[in-house]
Ligand SMILES: Nc1ncnc2c1ncn2[C@@H]1O[C@H](COP(=O)(O)OP(=O)(O)OP(=O)(O)O)[C@@H](O)[C@H]1O
């Protein structure tokens, strides 16, 4: 039986073609599955096409589908649909080849590249290759790769001379636009200083299986197993219907090969995925949850937990779309909800302390122990409790004396002993009133699970791990079957650049979650333009960012899949001036066709919101525990930087105070805020 693989870009084209054409495409697909002889399918060679494998099929009076017929095997590729003339024009000078080293499909146009960048004569390229491989000149990082290495990196043979001619970053950036995307990614890694092997592993995620190599450039039979960025094998009628439906988003069906490998990585112990904002971590985690749920017995439970409520609400809705059936087997919640449920089910009957409760207790404790308290700054006492004692579940002097307090001001043993008296008193006062902080509830839940009062899950998956404190890590460890030796017990995902709540990085290893050898980093940004990604990354220049397990996060080779305008940075001298600038900008965006729901302002600033309302532009506050209603409810969104975490918008206004640069926490928050923007970012400095 023949197979027909579909190219990702068809999805965007499908939104523009009439329903009749989509129906014809579905018929064509079915015919392939039934009988692929070219006579029955009426595939016609395209006159004058550079690549002899190009065929066209009629899908409506004036519409043609472009199909690539294999030279070996029985896998065909549906690569384009358009009006007759445009479709023929599109495929005229392109080549379609299965790459001999990577095993992926590559589409390239030598003529187009020659028009855009100068390609040297074969002979001079060969001469320069000979010089470089003998090590005489290594002026540009790519010089270290000879022709064979460039081929191994995924460059089609016909494009090797063009790559060899590159001598500067600008020339490389220009050429990279035209290279097959996976090859461009590998070369970006090399240009950033990686060895070829490293770049192949880091950028394409070679985990353990080598790609299946095609018998020749016209053999597409192994493409389904290759690290293709943009081909999908349609699996059955339902899948086809889904692809042809209006609202299919690319993330639901096209995973980056690295994401795909992580989704289906069968591991013996806990695993970790990290990566900067927008690199598709949540998408990979959701697909993994579905993959696990589909192979789990009915009685076994799968847990997916986040730190913030808003992200868990968003994930729940996305999972329903991703897997209408399998999502029912996945429990989605956030850490505090989870901990509270466990604690309540296990008999805890207390109350979670509000900020006001804690404030009143601190005042009491500090006045009762005024001599002791006078030895320290009061803010220091409270923050030491909130950031160290409470989240780490410290309940004895010994534990406090020996705890690691990374990121906190240094204090000696004698000072710790004095401080402990205050903390112990605070804990006693809480216990008397049956009050627990959120961290305290997490601690109770952890104890209950460890004592066997609450059943474990078969698979546990965690997002926003950077905000989990030590007790929270211990809780998720206890909830997963790590100690039972079962496969895929726990998958944790996070990003040290986005730590907003838990100030002190806690390596997962400290909670007994051993991920060595099972940790991978995603590098390709799908959300944000390259310009916004770089600007946001610049906000954290000089800040040490951790990899969630005691190492540092390496952003070498990080890239966005698309480019856009530079962020606009304006200085304003008052909130009223900021309001005026925002109104002008939003009006301009609305004129360009943006919906109000696609624009977001952060943090909340009354003068700006009033200015919009006064100008007749509706606004909508992003609320806790609620999903963004999307286009159903118009209004320019606004909310705190914490609230918009986990969301994304076409355009974002970031109200930036220059003093933010002095506070590491604000720098992280600004990074999170800026990386919510997909296309446009306006930064208003005050
Ligand atoms: N393979 C993919 N194809 C297309 N789009 C993708 C893919 N993977 C992720 N995306 C899109 O990229 C955006 C970011 O993805 P996701 O939210 O998973 O990233 P993240 O790493 O969890 O981000 P953050 O840490 O900033 O919250 C989303 O719009 C998502 O739909």
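Every residue gets a Cβ built from N, Cα and C, even glycine.
For 275, 276, 277, 278, 279, 280, 281, 282, the entry in TrEMBL reads ATP binding site. Secondary structure from DSSP puts residue 279 (ATP binding site) in coil. Applying an 8 A CB threshold to same-chain residues 6+ apart, the list for residue 279 (ATP binding site) reads 522, 523, 524, 525, 526, 558.
For 254-536, the entry in TrEMBL reads domain 'UvrD-like helicase ATP-binding'.
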Report task. Give me the mean pLDDT over the domain 'UvrD-like helicase ATP-binding' (254-536), rounded to a whole number. Result -> 93
Report task. For residue 277 (ATP binding site), write down the residues of its own chain that are at least 6 apart in sequence and whose Cβ falls under 8 Å from its Cβ; none is a fine answer. Result -> 495, 497, 498, 525, 527, 528, 533, 536, 671, 672, 675
Report task. Enter the number of other CB atoms within 10 angstroms of the CB of residue 281 (ATP binding site). Result -> 23
Requested in this report: Please work out the number of neighbouring Cβ atoms within 10 Å of the Cβ of residue 280 (ATP binding site), leaving out its own Cβ.
Outcome: 23
Query raised in the report: Excluding 275, 276, 277, 278, 279, 280, 281, 282, which residues of the same chain place their Cβ within 8 Å of the centroid of the Cβ atoms of the recorded ATP site?
Result: 495, 522, 525, 526, 527
Query raised in the report: Which chain-mates of residue 275 (ATP binding site) that are at least 6 residues away have a CB under 8 A from its CB, listed by sequence?
Result: 281, 495, 521, 522, 523
